[in-house]
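Everything below concerns the one structure shown next.
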Amino acid sequence: MNFDIPEFLPALPEIAVLGMGCVLLLAVAYGGGQSGKIAYWITQLTLVIAALLTFYFLDYSSQSVTFNGSYIKDSLSDTLKLFIYIIVFAVFLYSRDYLQARALDKGEFYVLGLFGVLGMMVIASAHHFLTLYLGLELLSLSQYAMVALLRNNRWASEAAMKYFVLGALASGMLLYGMSMIYGATGDLHVAAVAEGIGGSGSSQVLVFGVVFIVVGLAFKFGAVPFHMWLPDVYHGAPTAVTLYIGTAPKIAAFALLMRLLVEALGDVQAHWQDMLIILSVLSMAIGNVVAIAQTNLKRMLAYSTIAHVGFLLLGILTGTGVGYAAAMFYVIVYALMSLGSFGMIIFLSRSNFEADRLEDFKGLNERSPWFAFMMLILMFSLAGVPPTVGFYAKWAVIMAIIDKELLWLAVVAVLFSVIGAFYYLRVIKFMYFDSPTEEISLSKRADFRWCMSANGLAMLGLGIFPGALMGLCVAVLG
C-alpha cells in the first residue's frame with residue numbers, strides 16, 4: 001500500500017481523536033486532583049476539533065476510499081459523525097455534575113468515552129468487514145468498562161458482566177458470519193462482497209453467513225429475542241453511562257447495519273428481509289408491552305429502546321432509498337430524544353440519590369415548570385404525538401413500508417405505537433397531576449440548563465420544521 005499524505009487526509013478526524021486520546025491518557029495519569037476537570041475540557045475540545053475537521057472536508061458530491069479499500073469517506077459517514085460529535089458533547093456536559101457528586105470524575109469516564117467515539121467513527125467509515133469489526137470492538141470494550149465504573153456497586157458489576165458475556169457472544173456470531181461470507185465470496189471488502197454476490201448469486205454458505213450476521217446485529221441493537229442484556233445494563237449502570245450507551249452508539253449501529261446489510265448484502269435482501277420483519281414485530285410488541293409494567297424509569301426507557309429498534313428496522317427492511325432515509329432520520333431523532341430523557345434523570349439526581357423511579361418525577365411541574373415542560377415534550381416525542389419530531393419520524397417510516405405494500409406491517413406498527421403511548425403519558429401524569437414528595441430545590445450549572453432547554457425545544461422545532469433534517473437524510477441515502 002502506498003502511504004502518501006493525501007491518503008491520510010480523509011481519516012484526519014480519526015487521527016485527531018486518536019492523538020488527543022493519547023494526550024488525554026497522559027493528562028489523567030499526571031493531572032492529580034484536577035484530572036477530572038482537565039479530562040473534561042480536553043475531551044470537549046477534541047470533539048470540537050473533530051467536528052471542524054469533518055465539516056471542513058465535507059463533500060456530498062464525491063467519496064474517497066483509502067487504506068487499501070478498508071476506509072471510506074462519503075456523505076453517510078460524514079453526516080453520522082457530525083451527529084455523533086454533537087450528541088457525545090452533550091452527554092459529557094450532562095454527566096459532569098453527576099460524576100463529581102459520585103467521586104467518578106477522575107477522568108476514566110472521559111477516556112473511555114473518547115475511545116468509544118473513535119470506535120463509532122471507524123464503524124461509520126469502515127469499508128471492510130474487519131474494519132467494521134475492529135471499530136465495533138473498540139466501542140464495545142469501552143462500554144463494558146464504563147458500565148463497571150462503580151466497582152463496589154453490585155448492580156453495576158452484574159450489569160457489566162452480563163453485557164460483557166452477551167456482547168462477546170454477539171461479536172463471535174458476527175465474526176463467524178463474516179467468515180462464512182468470506183468463504184462464499186472470497187473477499188471481505190464491502191464493494192467486493194457486493195460484486196461477488198451479484199455475479200454468483202446466493203449459496204447455502206452465504207445464507208448461513210447472513211443469518212449469523214443478522215443475529216449478531218440484533219444482539220448489538222438489543223432487538224427481541226436478543227434483548228436480555230439491555231434492561232439490566234441500562235438499570236445497573238451509572239446514569240451518565242446509560243446516557244452514553246443509549247444515544248450515540250445507536251447511530252453507529254445504524255451505520256453498521258447500512259454497511260453490512262445494505263451495501264454488502266443488498267443483493268440477498270430476500271434472505272434478511274423476513275428476519276428483520278420478525279425481529280421488528282417482536283421488538284415492538286415486547287418492548288411496548290413490558291415497558292407498561294416498569295416502575296423504574298431507566299428500565300422503562302430500556303424497553304422503550306427495544307420498541308424503537310423495532311421501528312428503526314422497519315425502515316431498513318423496505319430495501320428502498322426512502323426507507324433508508326426514514327430510518328436514518330429516525331435513529332438521529334431517537335438519539336436526541338434519549339439524550340434529553342436520560343438528561344432529565346440526571347437533572348433530578350443528586351449526591352446519594354438516583355432519580356430513576358417514576359415516583360421521583362411527582363410534582364415536577366410545581367418544583368420546576370420549565371423543565372417539566374421539557375420532559376413533557378420529550379415524552380410526547382418518544383410516544384409519537386404531534387407536533388413533536390417523534391411523530392414525523394414514525395410517520396416517515398410507516399409511509400416507507402406502505403410504499404413497499406407492507407400494509408399489515410404498518411397497521412402493526414401503529415397499533416404498538418398506540419399501546420406504547422400509555423407509559424410515556426404516565427410520566428406526564430406524575431409530573432403534572434401528583435404532588436411532589438419532597439421540596440428540595442433543583443440546581444444545575446447554567447450550561448446544563450441551556451443545553452437541556454435546547455434539547456427539549458429541538459424536539460418541538462424539528463417536529464414543526466422537519467424538512468431540513470429529512471432533506472439531509474434523503475440527500476445522503478434517498
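Residue numbers in this text run from 1 along the chain shown.
From the backbone N, Cα and C atoms, a Cβ is placed for every residue, glycine too.
Swiss-Prot annotations:
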type     : residues : note
TRANSMEM : 8-28     : transmembrane segment
TRANSMEM : 38-58    : transmembrane segment
TRANSMEM : 75-95    : transmembrane segment
TRANSMEM : 109-129  : transmembrane segment
TRANSMEM : 130-150  : transmembrane segment
TRANSMEM : 164-184  : transmembrane segment
TRANSMEM : 206-226  : transmembrane segment
TRANSMEM : 238-258  : transmembrane segment
TRANSMEM : 275-295  : transmembrane segment
TRANSMEM : 306-326  : transmembrane segment
TRANSMEM : 328-348  : transmembrane segment
TRANSMEM : 371-391  : transmembrane segment
Mind checking which residues of the chain, 6+ beyond the ends of the transmembrane segment (8-28), have their Cβ under 8 Å from one of its Cβ atoms?
35, 38-39, 42-43, 45-46, 49-50, 53-54, 57, 64, 66-67, 71, 73, 81, 106-108, 110-111, 114-115, 117-118, 121-122, 125
Quick test of the contact rule: Cβ under 8 Å, at least six residues beyond the ends. What residues does that give for the transmembrane segment (206-226)?
136, 166-167, 169-181, 183-185, 197, 250, 253, 256-257, 260-261, 265, 268, 271-272, 275-276, 279-280, 282-283, 285-287, 305-306, 309-310, 312-313
Quick test of the contact rule: Cβ under 8 Å, at least six residues beyond the ends. What residues does that give for the transmembrane segment (109-129)?
10-11, 13-14, 17-18, 20-21, 24-25, 28, 36, 39-40, 42-43, 46-47, 50, 65, 69-73, 76-77, 80-81, 84-85, 88, 91-92, 95, 99, 135-140, 142-143, 145-146, 149, 178, 181-182, 188-191, 193, 240-241, 244, 248-249, 251-252, 255-256, 259-260, 264
If you count every Cβ pair below 8 Å, which range out of 38-58, 238-258, 275-295, 306-326, 371-391 shares the most with the transmembrane segment (130-150)?
238-258
Within-chain partners of the transmembrane segment (238-258) [C-beta distance under 8 Å, separation at least 6 from its ends]:
76-77, 80, 83-84, 87-88, 91, 94-95, 98-99, 102, 104, 109, 113, 116-117, 119-120, 123-124, 132, 135-136, 139, 143, 146-147, 149-150, 156, 217, 220-221, 298, 301-302, 305, 312, 316, 324, 327-328, 331-332, 334-336, 338-339, 342-343, 345-346, 349, 354, 356, 477
Spatial neighbours of the transmembrane segment (306-326) far in sequence, C-beta under 8 Å, 6+ residues away:
221-224, 227, 230, 254, 257-258, 261-262, 266, 269, 272-273, 276-277, 279-288, 291, 334, 382, 393-394, 396-401, 403-404, 406, 409, 413, 416-417, 420, 470, 473-474, 476-478
